[in-house]
Amino acid sequence: MQLPKFPHTKNEWKAALSTNSSKEKSSQWINKDLAPTPKAARTWSWISLSSYWWGNAFNASQWSNGASLISVGLNWWQALISCMLANLISSSVALALGRPGARYHIGYPVLARSVFGMYGQFFFVWVRAVVAIIWFGVQSYFGSQLLGVLLRCIFGNSWWHMANHLPESAGISSRDLLAFFLFWMIEIPFLTVHPSKIKFLFAAESIICPLACIGVFAWCVHYGGGIRVETLASTTPATAGGLGWAMMNGINSCLGVTSALLVNQPDLTRYTRRPKDAGWRQASSIFASKTLIFFFGIGATAAVQGKFGEAYWNQWDLLNAILDRFWGPAARAGCFFASFGFSLSILGVNIGCNAIPFGADVTGLQPKIFTIVRGQLFCGLVSLAIVPWKLLTDGSAFLTFLGSYNIFISPICGIIIIDYFFIKRGNIHTPSLFTPARGTLYYYIKGWNLKAVGCWVSAALFGIPGLVGAYHPSAVAKAANHMYQMGWILCFAVSATFYFVINLVLPPQVIPSGYDANAKHFEGFAETEGYLEGDALVEFQALEVQDGEEPASGSNSFKVEEKV
């Protein structure tokens with residue numbers, strides 16, 4: 001496995017951060033990272049994508065997800081069934097959302113132009129970017145907790161009992177603050193690596209992280225004398241009609257953990273060598289890995305809860321509890337390797353699920369300023385400003401809102417899937433994605449596809465009353481809370497149905513004006529990667545086309561070369 005070369009000389013840093021290639025210049029609508037991925041950069045295989053899912057599945061959030069399902073009244077097997085159903089849905093959605101990127105080699109910000117319009121896409125790109133930067137900071141804090149366990153294994157009491165020089169109002173100790181900045185510094189070099197070259201990290205994760213989870217799970221089962229599932233019984237078990245809503249709540253909770261990863265799919269599949277690399281094999285990896293880690297988390301917690309007298313759902317709390325009770329060379333070595341594997345998973349999650357999407361998003365918002373690598377570095381820097389330890393300790397109301405991300409992101413997934421597979425029949429015209437002129441294919445109404453925007457708003461509104469109820473339970477009817485409990489599925493289904501119906505009534509234009517092409521053949525345009533006869537290949541240097549202007553006669557709004 002060949003590791004990437006991190007930039008270290010002045011020229012290497014300049015090349016990594018430049019928005020231009022060696023010959024072309026960026027513009028308002030295109031730069032080297034927004035243009036369709038060139039063949040030389042299509043380096044990901046199905047093994048790369050599967051490694052991405054296997055490595056990122058074995059993280060702290062997935063491990064502890066069982067706690068939220070037990071808390072709503074499910075027992076262990078009911079929680080496992082809810083998880084499997086959610087994973088079946090998420091793997092299917094990921095398979096569908098990855099298809100456009102694999103066929104046309106474009107990321108989410110550019111794909112969103114074909115769905116929401118040349119200007120409408122800015123809002124939907126911004127929504128994802130804001131959440132990504134918050135979660136980057138939160139995941140960095142989770143990683144620092146695991147790094148703290150690793151340092152405790154090395155330095156013992158000198159680390160664990162480090163003097164605290166911060167006031168209680170800081171919300172963090174000197175030791176944990178040091179661990180946070182150490183983990184943050186470890187992340188920075190990886191933020192300088194372009195997504196097309198970062199697959200080595202996910203390959204390492206996919207081997208080391210599952211081994212760490214299996215090791216901890218096996219020790220817990222051995223020490224506890226088996227998986228004592230009766231210890232995980234909820235204090236208020238769900239029965240009768242309440243069981244169905246509790247199961248739905250569990251499915252929604254599991255889907256919420258993977259929501260951001262689903263809409264990120266085009267940003268990864270655009271680098272695949274062949275479309276089938278983003279096919280059923282990566283989808284099966286999603287289902288298998290996420291089901292397995294859920295079982296490990298529940299099983300390990302149930303096995304030791306009886307003897308420990310407490311359920312430790314967080315990985316770092318479990319490892320610290322083991323060190324407290326079995327301090328010695330064997331425990332220190334075992335917890336060292338386990339915390340290393342868990343920390344590596346957090347690193348991969350932050351790079352693959354937060355930094356890469358954020359880098360792609362800000363590149364789409366400001367292509368003259370940002371590339372993906374610049375955006376990744378900017379994400380790392382700005383994430384410090386959210387002060388994640390304060391957010392986790394004092395920001396319960398904000399975290400509740402952040403948890404409602406489901407009702408805003410699932411309609412996006414539904415609309416994109418319906419638009420690609422049923423409305424456009426898999427036919428996207430690549431040159432039109434970079435031409436914001438009146439009368440062009442994806443300009444719609446002043447740059448906005450009002451049908452898509454209206455369906456997104458309508459779907460999100462179904463979840464808003466329940467979101468209000470999450471803050472003020474007595475302020476809304478019980479039905480609103482039930483709707484919120486199935487928010488992901490409900491909002492996805494509503495957006496998909498509304499968008500399909502409205503496009504049946506008001507069919508959109510699929511073929512650019514002046515072209516003689518057949519859009520009834522599924523993915524017919526994809527055979528030439530979105531170019532029709534007489535088109536020119538999109539490159540980077542663009543002429544400035546203002547809002548609503550027609551391209552100059554006899555010219556294109558971007559630099560072109562003759563298509564062979």
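From the backbone N, Cα and C atoms, a Cβ is placed for every residue, glycine too.
Marked as transmembrane segment by TrEMBL: 76-97 (among others).
Annotation source TrEMBL lists transmembrane segment at 118-138 (among others).
Summarising the annotation, TrEMBL assigns transmembrane segment to 177-193 (among others).
Annotation source TrEMBL lists transmembrane segment at 200-224 (among others).
Summarising the annotation, TrEMBL assigns transmembrane segment to 244-264 (among others).
For 285-306 (among others), the entry in TrEMBL reads transmembrane segment.
The feature transmembrane segment is assigned by TrEMBL to 326-349 (among others).
The annotation transmembrane segment is assigned in TrEMBL to 369-391 (among others). With a cut-off of 8 Å between Cβ atoms, the residues of this chain six or more beyond the transmembrane segment (369-391) that come close are 16-19, 31-33, 132-134, 136-138, 140-141, 171-172, 176-177, 180, 184, 187-188, 191-195, 351, 354-356, 358-363, 398-399.
Summarising the annotation, TrEMBL assigns transmembrane segment to 397-423 (among others).
As annotated by TrEMBL, transmembrane segment applies to 448-471 (among others).
If you look up TrEMBL, you'll see 483-506 (among others) marked as transmembrane segment. Counting same-chain residues at least six beyond the ends of the transmembrane segment (483-506), those with a Cβ under 8 angstroms from any Cβ of the stretch are 89, 93, 245, 248-249, 251-252, 255-256, 259, 404, 406-408, 410-415, 417-419, 422-423, 451-452, 454-456, 458-460, 462-463, 465-467, 469-470.
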Legend entry - Intrachain neighbours beyond the transmembrane segment (244-264), with Cβ under 8 angstroms and 6 or more residues off its ends: 56, 61-62, 65, 68-69, 72-74, 78-79, 81-83, 85-87, 89-90, 93-94, 97, 108, 128, 131-132, 135, 238, 286, 290, 294, 352-354, 356-357, 403, 405-406, 409-410, 412-413, 416, 482, 485-489
Legend entry - Remote residues contacting the transmembrane segment (326-349) - C-beta distance under 8 A, at least 6 residues beyond either end: 52, 55-56, 58-61, 139-140, 142-143, 146-147, 149-150, 152-154, 156, 183, 186-187, 190, 201-202, 204-205, 208-209, 211-213, 215-216, 219, 315-316, 319
Legend entry - Contacting positions for the transmembrane segment (200-224) when only residues 6+ beyond its ends and CB under 8 Å are counted: 1-4, 47-48, 50-52, 54-56, 58-59, 63, 190, 193, 289, 292-293, 296, 299-307, 315, 318-319, 322, 334, 337-338, 340-342, 344-345, 347-348, 351-352
Legend entry - Cβ contacts under 8 Å made by the transmembrane segment (285-306) with residues that lie 6+ beyond its boundaries: 49-50, 53-54, 57-59, 62-67, 70, 76, 79-80, 83-84, 87-88, 90-91, 94, 210, 213-214, 216-217, 220-221, 223-229, 231-232, 254, 258, 312-313, 318, 321
Inset, instruction - With Cβ distances under 8 Å as the criterion, find the stretch in 76-97, 177-193, 448-471 that has the most pairs with the transmembrane segment (118-138). - result: 448-471
